[in-house]
Amino acid sequence: MTAFPDIIPAIRAAAPALRGRLIANQLLSDLTWFRVGGPAQVLFTPADEEDLAHLLDVLDPDLPVTVIGLGSNLIVRDGGIPGVTIRLGGKAFGSVEIDGETLRAGTAVPDMRLAKTAAEASLDGLAFLRGIPGSIGGALRMNAGAHGGETTDVLVEARGIDRSGTLRVFTHAKMGFTYRHSEAPEDVIFTSALFRGRPGDRREIEAEMDRVTAAREAAQPIRERTGGSTFKNPPGGKAWQLVDAAGCRGLTLGGAQVSEMHCNFLINRADASASDIEALGEEVRRRVRETSGVELHWEIRRIGVPASTGG
Ligand SMILES: Cc1cc2nc3c(=O)[nH]c(=O)nc-3n(C[C@H](O)[C@H](O)[C@H](O)COP(=O)(O)OP(=O)(O)OC[C@H]3O[C@@H](n4cnc5c(N)ncnc54)[C@H](O)[C@@H]3O)c2cc1C
């Protein structure tokens, strides 16, 4: 791996009061489900929300900033991510507080933990999060959903910091949720969110979560190095059916493969590069376009730069 120039001394000079952790050239393949991707030029783990706002306030406005969650919906390209990549840690952003029927969660909280905490408090409506292996931050950005539930169904408001370091609060309406998408400005880094459950029976909610888990075990390659559903379902259709009809089930490119088990999942079968996985996805899109005329759109976020241009 070639490295990006170390810009940490310049960041420290601009922000001497910074309390969070800065790491130069942190390999991101360790932090993504696909286990691929080059380094972050700088990986920043803020000490708390104020620390995050401080960095964004003083950082050179031309320096790109990227936020990642648990990396379960990401292809980080092989050249890595220039600028500052931010990952919120569980210490400062990992708490869940319950007040009556509402839950306030830090955005580093795994979706599965929020589902479990809601069930323990006999709050219904969040069981769908049990099967989604991302964080609350990713769920807000992606309007994550499954088994008939979506983030939009339970969110009251989200709080975050924008690129200029300003605190922003987004009501449900301002989040502009549509299928696997939020209209909230892309520069906003969500820090916490308020959810509303409804009173339910703990045992029934836990039974529902068990059904969600069993359905996933049976239908998805959840123990593979993958990024979940690769393409969004087109209106009125299922992406996996189009991929299957195009003859792509099991298709390989380098170390990447279309899952035999669920053909809207790509997997890193054997030391794939990010470029193998992305090229395989593009090949699938081409074949689907050819056989059915449908243009599939990526659900997985692809970020960073190709190997020849990066770190
Ligand atoms: C086995 C498997 C099964 C899956 N099943 C489902 C499913 O059923 N339903 C579903 O919806 N998804 C599913 N996914 C995809 C993924 O888990 C979700 O999209 C999840 O919400 C991503 O969260 P993350 O923390 O991993 O985000 P990442 O993958 O790290 O990032 C995804 C996007 O969110 C943004 N983001 C992350 N944190 C923040 C933040 N704090 N503020 C602002 N933006 C942020 C990133 O910039 C990026 O654009 C699955 C993935 C896998 C691997």
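Cβ coordinates are placed from backbone N, Cα and C, and glycine is handled just like the others.
Record features (TrEMBL):
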ACT_SITE  Arg180  active site
ACT_SITE  Ser229  active site, proton donor
ACT_SITE  Glu299  active site
DOMAIN    35-222  domain 'FAD-binding PCMH-type'
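On the structure: features taken from TrEMBL.
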{"residue": "Arg180", "record": "active site", "CB count, 10 Å": "18"}
{"residue": "Ser229", "record": "active site, proton donor", "CB count, 10 Å": "20"}
{"residue": "Glu299", "record": "active site", "CB count, 10 Å": "19"}
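Taking only the Cα positions, the spacing between Glu299 (active site) and the residue listed as 'active site, proton donor' is 7 angstrom.
In the predicted model, residues of the domain 'FAD-binding PCMH-type' (35-222) average a pLDDT of 97. Taking CA atoms as the reference points, the residue listed as 'active site, proton donor' and Arg180 (active site) are 11 Å apart. When secondary structure is read from DSSP and collapsed to three states, the residue listed as 'active site, proton donor' falls in the strand class.
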